[in-house]
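Working notes for the structure below.
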Amino acid sequence: MAKTGLMTWLLYSTLFAALLLNSDAANANERKVHIVYMGDRPKGDFSAKATHHSMLTSVLGRSSSAQESLVYSYGNFNAFAAKLTAEEVEKFSEMDGVVRVIPNHILKLHTTRSWDFLGLSQSNVGAQLQGDVVIGLLDTGIWPEHESFNDQGLGAPPSKWKGTCQGANFTCNNKIIGGRYYNSENWYYEGDLKSPRDSEGHGTHTSSTAAGDRVPGASYYGLANGTARGGVPGARIAMYKVCWSFGCGAADILAAFDDAIADGVDIISVSLGSEFPVPYDVDPIAIGAFHAMKYGILTSSSAGNSGPWPYSVSNYAPWTLTVAASTIDRKFVAKAVLGNGQAFTGLSINSFELYGKTYPLIWGGDAANYSAGASQDLSKYCITGSMNSYKVEGKIVFCEVLWDGTGVLLANGVGTIMADDEITDFAFNYPLPATQISTSDGEKILDYIKTTENPIATILLGETLTDYMAPYVVSFSSRGPNPVTPDILKPDLTAPGVDILAAWSPIAPPSIDWEDPRSVDYNIISGTSMSCPHASGAAAYVKAAHPDWSPAAVKSALMTTATVVDPNKHEDLEFAYGSGQINPAQAIKPGLVYDANETDYISFLCKQGYNTTTVRLITGDNSSVCSSTLNGRAWDLNYPSFSLAVEDGKQIDGVFTRTVTNVGSANSTYTVQMYSPPEFSISVEPEVLSFSTIGEKKSFTVKVGGGFISQQKITSGAIIWTDELEQYRVRSPVVVYNVLPGYTFFPPQTSKFQKKPTTFHGPTTPSMHHKNGILGRN
């Protein structure tokens with residue numbers, strides 16, 4: 001049904017691409033923000049800003065020009081962001097000491113019930129140590145006056161805190177203890193606020209999901225009514241506003257990481273990502289997260305909303321936690337009732353009450369706006385601008401595709417019934433009464449319209465139903481395999497990201513219509529942007545219980561204690577859900593953890609084809625050295641899961657080395673159990689690990705073997721370490737799959753100057769990219 005709309009979009013995209021190419025040629029002398037990397041920060045007395053200003057002066061010719069050009073001078077990385085012409089970029093890229101010059105890529109931003117569904121009830125979340133944990137969020141800002149962020153019962157911020165509140169008309173308290181904003185391009189559109197204050201709703205939603213206070217009676221127009229709260233209500237929040245209506249700048253993301261590290265956050269939550277795979281040394285989130293890891297900070301990141309396509313997962317660096325999105329046991333529906341008594345249940349978060357009143361029902365194809373150049377083939381989809389208001393006014397319109405409702409709304413229609421089978425596992429909220437039914441039900445409605453003299457219908461207020469199939473990974477959640485490192489399983493785990501109720505900015509539109517004038521305090525939206533703060537809150541919960549644990553240890557605890565997800569619901573198995581669904585209450589007592597540090601990750605990078613120069617670009621440390629130029633597999637990185645990519649026609653044969661640290665009982669013995677499908681076998685040596693102290697480490701080897709395979713989709717097994725008292729169960733998935741010859745690892749790009757790719761993305765949902773209506777976010 002959507003072919004006409006798609007073809008129209010493709011035509012406009014092609015024209016837009018041509019215009020951009022011509023524009024690029026014409027604007028070669030236009031100054032654009034770039035990031036200039038020099039690698040390690042020099043030791044001793046070093047003024048980054050003075051050094052960077054001097055370099056700019058040498059290229060631009062005047063000190064005043066250098067001062068105007070400089071945007072950021074980073075403290076934790078020897079790099080700066082500046083506005084440069086194409087010629088100046090070339091000069092910097094050829095300068096001694098400059099490793100790489102990268103354009104300012106614009107990245108995209110990828111709960112009453114969800115925490116209870118995860119088993120983290122309100123009785124679990126009262127740990128006093130939570131007040132010492134600070135979650136830093138890189139997002140669209142936050143609405144500080146929202147009741148989810150009241151600081152009742154909270155003392156002063158922890159003594160380690162060095163952050164600040166920036167901007168006029170923005171006040172922190174003992175809950176929100178930091179707020180900064182960044183806009184290197186100096187692009188501001190209507191509605192954007194030059195402060196950490198949120199005008200889009202996204203950052204307010206993610207913040208309250210991770211660490212919002214308990215607020216009884218929260219709902220979206222009565223739907224999802226209950227007590228809204230974050231995973232760690234006692235934790236502190238610091239907002240780093242890097243995302244605006246146009247997206248999120250790479251230079252701003254690095255600056256935010258730089259500040260968050262210096263401010264003293266414990267967990268960084270990043271619900272955004274690139275729309276295409278990039279090497280680690282040009283990925284601002286990977287670079288920022290690596291530096292955060294060095295300072296003991298775990299970065300939790302969203303997997304992306306490009307599913308269910310394979311290799312679509314983003315934020316795949318092994319030192320980050322990558323979070324998929326899955327359902328909870330609740331879904332929202334709204335019924336369409338026809339004049340003949342037939343009722344059809346569809347997906348919708350419908351907040352509008354028609355009180356059972358019926359209205360004339362028409363087919364969108366009978367209401368084409370011919371004066372605007374539309375035709376029946378376009379208006380049957382109810383595309384915005386294609387509808388004839390003389391025929392639509394006062395009526396409910398049946399549409400043959402899922403759209404955002406604005407086509408009917410702007411033509412003064414009462415409501416819309418949309419038939420579409422593309423989306424079946426999550427709902428939208430609309431600016432008018434609306435519901436999305438199946439195409440088979442749509443055929444029945446169309447038949448009713450065409451065979452009835454005066455067809456009528458109504459749309460009932462939304463209902464909440466129990467989803468007994470939950471949890472399962474939602475269709476939009478990006479899938480593995482890892483597009484850059486096939487031997488590292490991504491995503492790492494899954495968390496609730498579908499139909500999540502949380503706080504909202506009162507000046508942000510509450511539906512997928514950007515011009516919806518209503519104001520709400522809470523909103524129900526979906527995306528891996530919503531699952532990420534669930535994992536961030538869970539990580540903060542573990543960090544509060546174990547403040548001395550490393551980022552890798554916290555991540556390991558979350559992964560190895562995850563609740564196993566039913567594989568029968570997912571053809572792509574662990575490529576959808578990783579180790580499983582987070583189980584925060586269990587994660588504070590994992591028994592054993594797979595720890596890793598900077599040295600381990602440097603060794604990993606060297607084997608992945610990075611050299612000393614490019615590794616230093618990521619680490620920011622001149623002592624980082626790749627002693628060997630030989631490429632190798634990632635099987636010895638101490639990761640909590642096992643991934644074996646086998647080239648077509650090759651034999652299943654992999655040997656993994658791992659080391660676990662005892663964090664459970666001092667005197668304990670663990671025995672391994674192995675589960676594997678018929679396609680391969682797993683053996684572990686030794687099969688028994690005995691510990692006498694907490695903190696003791698033991699190593700073991702996992703061998704995965706089998707026959708020669710080609711065109712084999714993912715198959716999986718697991719190894720589980722269990723202690724003699726069965727107090728601890730440490731589970732790690734083992735996946736085997738085929739890749740094309742030569743694709744067992746992807747060497748990084750080596751040129752010093754990376755040209756910015758031009759990408760065009762079609763509407764994956766009704767007229768927007770983000771699944772909850774926030775344009776282009778994860």
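Cβ from N, Cα, C; glycine included.
Caution: TrEMBL annotation is automatic and unverified by curators.
The active site, charge relay system annotation in TrEMBL covers ASP139 (among others). In sequence order, LEU109, ASP198, HIS202, GLY203, THR206, SER207, MET239, TYR240, LYS241, VAL242, CYS243, SER269, SER271, LEU272 are the residues near ASP139 (active site, charge relay system), counting only same-chain partners six or more apart with C-beta under 8 A.
Residues annotated as active site, charge relay system in TrEMBL: HIS202 (among others).
Annotated active site, charge relay system per TrEMBL: SER529 (among others), in sequence order.
Mean model confidence for the domain 'Peptidase S8/S53' (132-580) is a pLDDT of 96. According to TrEMBL, the feature domain 'Peptidase S8/S53' maps to 132-580.
Residues or ranges marked as domain 'Subtilisin-like protease fibronectin type-III' in TrEMBL: 636-736.
Taken from TrEMBL, the feature region 'Disordered' covers 754-778.
Annotation source TrEMBL lists signal peptide at 1-25.
Among the listed active-site residues, namely HIS202, SER529, the Cβ with the most fellow Cβ atoms inside 10 Å is that of SER529.
Residue counts for the domain 'Subtilisin-like protease fibronectin type-III' (636-736) under DSSP (helix as H, G, I; strand as E, B; rest coil) come to 0 helix, 67 strand, 34 coil.
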